[in-house]
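A short worksheet on the structure shown next.
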Amino acid sequence: MIPVFLAAIAVFLPLTSGHIAFWHNSMYGFNVTEQTFPYDNRPVVPLQNMTFKEWWFHNHLDYPPHPGDFFELPAGKPAMAELACNKGATTWFNSSEGGNIQNGDDPCPGSPPSEYHTTGFDDLKGCALAIAYEPDVTKIKPEDFTIFSVNQTCVWYRFTDFQVPERMPSCPPGGCHCAWFWIHSPDSGGEQIYMNGFKCKITGSTSNVPLAKPKVARRCGADPDHGKPDAVPGNCTYGAKQPLYWLQQEGNNEFDDYIAPPFYNDLYNFKDGAQNDIFIDSYPHGIPDPSPEQTIIPTPLDAAVISNATPAPSNGSCSSRPPSSPVSSSAASTTTSRSPRPSARGFRRSTGEKAHTGLPRKSWTQSRKMRYVF
């Protein structure tokens, strides 16, 4: 009787759909549903082979947030985001179609990790936040966004910390625009990119040094799955980098093969945490042109030295020491909580999966024969 009873209950348990989105009331498309567009364009839907209008800001520019709704980014501290398969799994459930289905730190209640495109913790490839210091969203171009924070355990936790560089300058009147980006492992589902745009502002700024002009990131890390066991540091892009625009009909800045996607991790020199070398004075001796043959590896000036020489804005100050616990950037109250943890190599949530066998993966030609044609 018990198995039958449990099976009957399971029928009524709310299951979330796959895929992931950044959820906050500052985002574009916060209330977009499956019926809003002629096609399914919910914030969680992945982006692949789309026109520029369709993938840029997820085609949600006509669905802006309310004036005054911003995602706060505390300089020198972590900003806590909520990543989930469904708005109902977040503190914003009261405006979701299915009600409250929160389950602690689970980003996709009722679904296995394959629903958010990973075979397990060791298969995570990272996600990132980018910023453009422009309040008018219609003026922003893809090359205006700069990646300022990376979390290499994304997506694994619903509550995901993004460390904000201490030297981030204040936003102009009207605020900044930010976007969340994610590209998942090729070992779990078809390839796409994810982008959710939102309005944001820097709080507690103590610097007025602007960001450098971002450049296109280059593949330079160790890539044993594709026959490159060693990193090639000379081929890396150093300093400010653009997001990875990939696999669309137009607007791409990355052209990797469908089965060798770019990632927000060491493969493209996106280190875990705050990207502290994105400012115009980060490399006072310049950055050499990257290439596989380049032997000069630039070193950014020590942030502490720069901070001592940087005048603070006159409109306020902020302690440069990060707090012992994360700062929530959500204005909504939550019934769940969790302890702070490192963004990479953190505690692993049990999934009931078998331990990694240590067997080598198949080569890309063995594992998939599909090739994406641009």
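Cβ coordinates come from backbone N, Cα and C, glycine included.
Annotation source Swiss-Prot lists compositional bias 'Low complexity' at 313-344.
Taking all protein chains in view, 26 other C-beta atoms sit within 10 angstroms of the C-beta of CYS85 (disulfide bond). Taken from Swiss-Prot, the feature disulfide bond applies to CYS85-CYS108 (among others), supported by similarity to another entry.
Taken from Swiss-Prot, the feature disulfide bond covers CYS127-CYS154 (among others). DSSP assigns CYS127 (disulfide bond) to a strand in the three-state reduction. CYS127 (disulfide bond) counts 28 other C-beta atoms within 10 Å of its own C-beta, drawing on all protein chains shown.
Per Swiss-Prot, disulfide bond is recorded for CYS171-CYS176 (among others). In the three-state DSSP assignment, the secondary structure recorded for CYS171 (disulfide bond) is coil.
Sequence-distant neighbours of CYS178 (disulfide bond): residues of the same chain at least 6 apart with a C-beta under 8 Å from its C-beta are PHE71, LEU73, LEU129, ALA130, ILE131, ALA132, GLY197, PHE198, LYS199, CYS200. In this structure, CYS178 (disulfide bond) is part of a beta strand by DSSP. According to Swiss-Prot, the disulfide bond annotation covers CYS178-CYS200 (among others).
Swiss-Prot lists CYS220-CYS236 (among others) with the feature disulfide bond. In sequence order, ARG218, CYS220, GLY221, TYR268, ASN269, PRO290 constitute the residues six or more apart from CYS236 (disulfide bond) in its chain with CB-CB distances below 8 Å. According to its DSSP assignment, CYS236 (disulfide bond) is coil.
Annotated N-linked glycosylation site per Swiss-Prot: ASN31 (among others), in sequence order, evidence recorded as sequence analysis. DSSP assigns ASN31 (N-linked glycosylation site) to coil, not to a helix or a strand. Long-range neighbours of ASN31 (N-linked glycosylation site) (same chain, six or more residues apart, CB within less than 8 Å of its CB): TYR63, SER95.
The N-linked glycosylation site feature in Swiss-Prot is assigned to ASN49 (among others). Within 10 Å of the C-beta of ASN49 (N-linked glycosylation site) we count 13 further C-beta atoms, all protein chains included. DSSP assigns ASN49 (N-linked glycosylation site) to coil, not to a helix or a strand.
The N-linked glycosylation site annotation in Swiss-Prot covers ASN94 (among others). In sequence order, ASN100 are the residues near ASN94 (N-linked glycosylation site), counting only same-chain partners six or more apart with C-beta under 8 A.
Within 10 Å of the Cβ of ASN151 (N-linked glycosylation site) there are 29 other Cβ atoms, across all protein chains. According to Swiss-Prot, the feature N-linked glycosylation site maps to ASN151 (among others).
According to Swiss-Prot, the N-linked glycosylation site annotation covers ASN235 (among others), on the basis of sequence analysis.
According to Swiss-Prot, the N-linked glycosylation site annotation covers ASN315 (among others).
As annotated by Swiss-Prot, region 'Disordered' applies to 306-374.
The annotation signal peptide is assigned in Swiss-Prot to 1-18 on the grounds of sequence analysis.
Taking the Cα atom of each, CYS108 (disulfide bond) and ASN235 (N-linked glycosylation site) are about 37 angstrom apart. Remark: CYS176 (disulfide bond) has ILE131, ALA132, TYR133, GLU134, PRO135, LYS199, CYS200, LYS201, ILE202 as non-local neighbours, by Cβ distance under 8 Å and separation of at least 6 in sequence. Note: the Cα of CYS127 (disulfide bond) and the Cα of CYS85 (disulfide bond) are spaced 15 Å from each other.
Considering only the recorded positions ASN49, CYS85, CYS171, ASN235, the residue whose Cα is spatially closest to the Cα of CYS154 (disulfide bond) is CYS85.
For the disulfide-bonded residues CYS154, CYS200, CYS220, counting C-beta atoms within 10 A of each C-beta gives the highest total at CYS154.
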